[in-house]
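> First the structure, then my questions, so here it is.
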Amino acid sequence: MSAIQAAWPSGTECIAKYNFHGTAEQDLPFCKGDVLTIVAVTKDPNWYKAKNKVGREGIIPANYVQKREGVKAGTKLSLMPWFHGKITREQAERLLYPPETGLFLVRESTNYPGDYTLCVSCDGKVEHYRIMYHASKLSIDEEVYFENLMQLVEHYTSDADGLCTRLIKPKVMEGTVAAQDEFYRSGWALNMKELKLLQTIGKGEFGDVMLGDYRGNKVAVKCIKNDATAQAFLAEASVMTQLRHSNLVQLLGVIVEEKGGLYIVTEYMAKGSLVDYLRSRGRSVLGGDCLLKFSLDVCEAMEYLEGNNFVHRDLAARNVLVSEDNVAKVSDFGLTKEASSTQDTGKLPVKWTAPEALREKKFSTKSDVWSFGILLWEIYSFGRVPYPRIPLKDVVPRVEKGYKMDAPDGCPPAVYEVMKNCWHLDAAMRPSFLQLREQLEHIKTHELHL
């Protein structure tokens with residue numbers, strides 16, 4: 001007998017596994033893939049009261065839906081779970097034991113640095129095929145060429161095409177989880193057939209951001225084609241499955257293509273980045289109420305991240321987006337990590353990053369607070385670049401000696417005080433986002449922002 005499942009609380013998001021047409025008037029019909037929110041448990045534990053995305057409520061059968069979960073923190077997602085990196089020929093043969101025809105893995109070549117080796121178990125022994133890397137393409141036979149390892153594996157999975165056998169079963173590297181399986185299990189996998197890509201709205205070094213249509217709704221889609229880059233973006237997507245707040249850009253789902261493409265689908269923010277929004281409108285259009293509202297929107301998102309132990313690490317007006325109805329939402333979770341983790345900082349935006357984060361790679365909610373102070377300065381200067389007229393190389397030495405930017409023209413003194421509090425050199429002296437929100441609400445209530 002199966003254990004009785006604990007009832008899902010109100011607010012739980014579910015994804016439909018099948019179509020449900022409904023038989024009674026109180027039923028809520030839905031299609032496979034729809035996202036539904038639980039409103040309440042009914043007397044019968046097999047049925048829930050739920051609402052769909054347009055707010056219509058009704059009764060749904062529990063066994064037709066699955067609960068959406070965050071991808072577990074610490075799960076090592078991989079687009080290539082069969083890729084084992086630098087292992088020797090002998091280690092590969094041990095991993096493919098006991099022999100099973102079609103069991104395979106890919107490793108880095110030990111004899112030919114820069115190339116790879118496909119190791120396949122076949123009729124009791126292991127065959128090793130060199131994958132040559134030439135002119136940015138991969139090939140085993142120098143006849144068929146592939147853009148990346150995923151395309152190569154997909155090809156030989158459907159057809160042996162000269163190998164001893166077609167690839168049947170990947171030998172998954174210990175500790176990794178196939179990304180597609182995990183997004184599917186946790187209810188975040190979307191169907192490529194239902195996504196229409198309409199036009200490019202942004203270009204990044206990783207690929208394009210496109211306006212799309214998913215089941216009749218406008219969406220933004222990050223299209224990542226390169227397998228190494230896609231691997232890095234998996235971390236961003238899995239962080240986004242754990243976060244839900246009205247001032248964070250909402251993940252709608254992920255599509256992992258067998259050929260190696262990764263599509264991250266989010267809500268569409270019609271008015272673009274906050275920095276462009278501010279620059280294109282300026283003082284004549286945007287009054288004090290509007291600037292303070294944007295400041296509070298961002299602060300509430302950051303208070304939520306603070307409360308859930310996430311550090312954003314790249315907070316700036318360019319990474320805040322504005323919706324059709326003028327709500328500011330924090331986006332770009334590429335560097336967001338659980339608070340305890342450290343990482344190599346690579347190319348950090350010097351003018352937005354706290355001194356201790358630049359110096360010792362110490363990231364915390366308090367370094368996010370420093371960046372929030374810079375973002376407030378951007379808002380009240382209508383999108384100017386911080387530290388105007390100071391050469392980039394001089395910014396850090398001056399800041400470490402205690403230099404703080406002047407208030408932007410026309411900035412209310414009370415708001416400038418909040419900025420300066422964010423720029424304490426001693427991180428412990430900076431306010432929390434909870435305190436910052438309270439300070440901004442005090443300014444709003446007492447109309448100190450006008």
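A Cβ is built for glycine as well, from the same backbone N, Cα and C atoms used for every other residue.
Swiss-Prot lists these features:
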| type | residues | note |
| --- | --- | --- |
| MOD_RES | Ser2 | N-acetylserine |
| REGION | 9-70 | region 'Interaction with PTPN22' |
| DOMAIN | 9-70 | domain 'SH3' |
| DOMAIN | 82-171 | domain 'SH2' |
| MOD_RES | Tyr184 | phosphotyrosine |
| DOMAIN | 195-449 | domain 'Protein kinase' |
| BINDING | Ile201, Gly202, Lys203, Gly204, Glu205, Phe206, Gly207, Asp208, Val209, Lys222 | ATP binding site |
| MOD_RES | Tyr304 | phosphotyrosine |
| ACT_SITE | Asp314 | active site, proton acceptor |
| MOD_RES | Ser364 | phosphoserine |
| MOD_RES | Tyr416 | phosphotyrosine |
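So that I understand the layout, could you describe where these features sit and how close they are to other parts?
Mean pLDDT of the predicted structure over the domain 'SH3' (9-70): 94.
Taking DSSP states H, G and I as helix and E and B as strand, the domain 'SH2' (82-171) has 17 helix, 30 strand, 43 coil.
Cβ neighbours within 10 Å of Tyr184 (phosphotyrosine), excluding its own Cβ and spanning all shown chains: 14.
Taking Cβ-Cβ distances under 8 Å and a sequence separation of 6 or more, the neighbours of Val209 (ATP binding site) in its chain are Thr200, Ile201, Gly202, Lys203, Ala220, Val221, Lys222, Cys223.
For Tyr304 (phosphotyrosine), the same-chain residues 6+ apart in sequence whose C-beta sits under 8 angstroms from its C-beta are Leu243, His245, Asn247, Leu248. DSSP assigns Tyr304 (phosphotyrosine) to a helical segment in the three-state reduction.
Other C-beta atoms found within 10 angstroms of the C-beta of Asp314 (active site, proton acceptor) number 20, with every protein chain shown included.
Secondary structure from DSSP puts Ser364 (phosphoserine) in coil. Within 10 Å of the Cβ of Ser364 (phosphoserine) there are 19 other Cβ atoms, across all protein chains.
Tyr416 (phosphotyrosine) falls within a helical segment according to DSSP. Its Cβ taken as reference, Tyr416 (phosphotyrosine) is surrounded by 18 other Cβ atoms within 10 Å in the chains shown.
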> Just counting, how many other CB atoms are there within 10 A of the CB of Gly207 (ATP binding site)?
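The answer is 21 other Cβ atoms.
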> Just to verify a number: CA distance, Tyr416 (phosphotyrosine) to Asp314 (active site, proton acceptor), in angstrom, no decimals.
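So the alpha carbons of Tyr416 (phosphotyrosine) and Asp314 (active site, proton acceptor) sit roughly 22 Å from each other.
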> Between the binding-site residues Ile201, Lys203, where is the Cβ count within 10 Å the lowest?
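Among the binding-site residues Ile201, Lys203, the lowest count of other Cβ atoms within 10 Å belongs to Lys203.
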> Looking at the recorded positions Gly207, Asp314, Ser364, which has the shortest Cα distance to Tyr184 (phosphotyrosine)?
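Its closest listed neighbour, by Cα, is Gly207.
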